[in-house]
Every structure is written in structure tokens, then in C-alpha cells.
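Enquirer: What TrEMBL records for this protein is below:
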COMPBIAS  294-307  compositional bias 'Polar residues'
DOMAIN    1-163  domain 'Neurotransmitter-gated ion-channel ligand-binding'
DOMAIN    172-258  domain 'Neurotransmitter-gated ion-channel transmembrane'
REGION    287-317  region 'Disordered'
TRANSMEM  172-190  transmembrane segment
TRANSMEM  197-218  transmembrane segment
TRANSMEM  230-251  transmembrane segment
TRANSMEM  344-363  transmembrane segment
């Protein structure tokens with residue numbers, strides 16, 4: 001930055017001989033400036049502030065005939081700024097620079113902004129931020145307990161608006177595509193278990209790796225950021241798709257078990273009946289065949305007894321597979337639950353994610369504005 005200070009030194013006695021003809025000012029050598037009274041402003045919230053040097057210090061002192069002293073210097077400073085990241089990466093940071101006299105209180109030195117105030121180079125471009133214009137300038141008096149007194153203070157507020165284009169390309173668009181990629185698993189049947197598991201696990205690991213790298217770009221904070229909510233939404237969506245696969249796989253195993261279950265006692269009982277060893281009664285209970293000797297006792301619910309010597313068993317009812325499959329009353333087609341869950345998931349998962357996106361962006365934009 002270039003610092004320009006101007007003050008009136010009424011105690012000076014200036015001879016006209018030092019001015020060249022037609023000029024009302026003269027540029028002094030640095031050693032003359034050391035003999036003048038100088039204000040001592042400093043940056044209150046600076047970490048480093050120093051005059052730039054190459055072969056010499058970049059400073060100049062100009063003395064006018066009306067006893068005005070003008071001091072200019074090229075400085076380098078690192079300023080501390082308290083930043084808030086709740087809306088990151090749509091955050092807007094307001095960073096002030098406080099300029100204050102170090103040793104002279106407001107009774108001795110009163111700081112004022114010039115008419116031009118603070119100007120920015122129009123060619124100045126920042127990689128992550130847009131600088132809001134115009135800058136806000138402030139003049140105040142503040143009590144400094146460290147120096148026990150009231151001191152004049154100048155403040156300039158810089159408004160940094162973070163550019164979202166980088167994060168749209170590097171964060172939001174790739175993570176959205178990964179979430180959409182996880183939906184393809186609903187079209188893969190359970191006969192492609194390795195491919196389905198590999199797809200979902202790869203999507204989850206991709207999101208974890210992506211967001212781990214992003215979190216390294218900003219300081220760790222104790223509160224939740226807007227980017228954290230987006231990360232959580234994407235990871236929950238992929239995790240839910242993985243959990244859906246586990247559920248449909250368990251339902252498929254249960255369905256296959258109930259459909260393919262074969263009674264083990266049936267061949268032995270039939271062979272005994274063929275040999276005429278004894279009259280048996282076959283009943284169907286819970287999908288298993290049981291046998292007992294024929295009696296004249298009335299049947300119990302869920303059983304059909306055989307009267308006489310043989311005859312095919314007549315099951316009263318068969319156990320329903322309502323838990324994992326059922327028959328459509330309209331078409332008569334068997335419906336399998338895990339397949340129906342996959343069909344419903346093809347619509348439910350995209351709808352829920354789009355609802356999350358429609359809630360996330362308007363709220364974020366309203367808060368950032």
C-alpha cells in the first residue's frame with residue numbers, strides 16, 4: 001500500500017531560498033525529515049507492518065510554503081481479520097484496518113481522512129474474493145486501557161465477497177454427479193452383487209476423499225459450515241443407497257429360503273405308506289410336512305387329516321409369503337418386495353436429493369445476501 005500523511009507544522013521557520021523559482025514546495029532529504037516532528041500512527045490490528053525497501057526505503061517528504069508537510073511511503077502489512085465461516089463457501093468477510101496514534105492522545109493528535117480517503121487499484125484482482133465497493137470509512141475516538149487514554153482512530157472496512165465459481169466447479173458439481181452415480185445401483189439386479197457393492201462403496205470413498213481435501217483449505221472451526229451440510233447431505237444419500245442394498249439383499253435371501261424350502265420327511269413317509277406298514281396322516285403346517293397315524297379325531301385349524309388307508313394329502317392352507325412377496329389381485333402377477341423397493345427407490349432417492357438441493361441453495365443465498 002501507499003501511505004500519504006499530511007499535517008501543518010506551524011512551528012517551522014521556512015526561508016524562501018530553499019524553494020526553486022515557480023515552485024511552492026521542496027522535497028527534503030531523509031535526514032532532514034528525522035529532525036521534524038512526526039505523527040506516529042500505527043496499524044492496531046497488524047501482525048507485520050514495515051516500509052518497503054529495495055536499495056533504500058521508499059519514502060518521500062515534501063515541504064510546502066504554507067508549512068504543510070507531506071509524507072509518503074510504500075508499506076507492506078499483514079493485517080489480522082476475525083473471519084466467520086458459517087456460510088462458507090458463500091461467506092462475506094468484513095475486515096477492518098484500524099489506524100491510531102500510538103503515543104499522542106486525541107487532545108494532541110486528531111486523525112482525519114482526506115477527501116480521497118482510501119482508493120483501490122482498479123486492476124487489483126483477488127483469486128478467491130471480489131472486493132466490495134465503495135469502502136466504508138470511519139473516524140472515531142476510542143478509549144485504550146493499555147495506554148490509559150482516549151485516542152483518535154481511523155477505520156477502513158474491506159468487504160470480501162467469496163467467488164462461488166471455483167467451488168461450483170470443484171465441489172458442488174462433482175459431488176452431485178457422484179450422488180447421481182450411486183442411483184444407478186437401483187437398476188442393477190441382485191445377480192450383479194459385486195458390481196453394485198463396488199459402485200456404492202466407490203461413491204462413498206470418493207466423497208470422503210473429496211471433502212477431506214476441501215476441509216484442509218480453511219482453518220478448523222468449532223461450528224457447522226454450509227459446506228459441512230452439503231457434505232453431510234451427499235454422504236447420507238450415498239449411505240442410504242448402500243443401506244437400501246443391504247435391505248433388499250436380506251429380503252431376497254428370505255424370499256429364496258421360503259420359496260425353495262423342500263420338506264425333508266416327505267420321502268420317508270411316502271415309502272412307508274407304499275409298503276403298507278401303517279396308515280399315516282399328512283398335514284401341512286408352517287411349510288413343513290408332518291405325519292401321524294390316522295385317527296377319527298376332528299381336525300384342528302391349519303390341519304387336514306386323512307381318514308382311511310392312504311390317499312393324497314389335502315392341505316387346508318399354505319403359508320403366505322406376505323412378508324416378502326404377494327400376488328397382485330388385479331393382474332395375478334407375483335410381486336416380490338425387494339424388487340418393488342428397488343423400483344420405488346429409483347424415484348424416491350432423486351426426489352429427496354432434489355428437495356434437499358431446493359432447500360439448501362435458497363436458504364444459503366438468502367443468508368449470504
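Any Cβ shown, glycine's included, is placed from N, Cα and C.
All TrEMBL annotations are machine predictions without curation.
Could you give the neighbours, burial and distances for every feature on this list?
Expert: Listed as Cβ neighbours of the transmembrane segment (197-218) (distance under 8 Å, sequence separation of 6 or more from its ends, same chain) are residues 85, 88, 171, 174-175, 178-179, 181-182, 184-185, 188, 225, 227, 231, 234-235, 238-239, 241-242, 245.
Counting only same-chain residues 6+ beyond the ends of the transmembrane segment (230-251), those with a CB under 8 A from a CB of the stretch are 171-172, 175-176, 178-179, 182-183, 185-186, 190, 193, 196-197, 200-201, 203-204, 207-208, 211, 214, 324, 337-339, 341-342, 345, 349, 352-353, 356, 360.
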Enquirer: Which sequence-distant residues neighbour the transmembrane segment (344-363)? Criterion: at least 6 residues beyond either end, Cβ under 8 Å.
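Expert: Residues packing against the transmembrane segment (344-363) from afar: 176, 179-180, 183, 186-187, 229-230, 233, 237, 240-241, 244.
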Enquirer: Sequence-remote contacts (6 or more beyond its ends) of the transmembrane segment (172-190), Cβ cut-off under 8 Å?
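Expert: Contacts with the transmembrane segment (172-190): 196, 199-200, 203, 206-207, 210-211, 230-231, 234, 237-238, 241, 244-245, 248-249, 252, 338, 342-343, 345-346, 349-350, 353, 357.
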Enquirer: Which whole number is the mean pLDDT over the domain 'Neurotransmitter-gated ion-channel ligand-binding' (1-163)?
Expert: 89
Enquirer: Which residue counts does DSSP yield for the domain 'Neurotransmitter-gated ion-channel transmembrane' (172-258) in the helix, strand and coil classes, in that order?
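Expert: Helix, strand and coil residues of the domain 'Neurotransmitter-gated ion-channel transmembrane' (172-258) number 75 helix, 0 strand, 12 coil.
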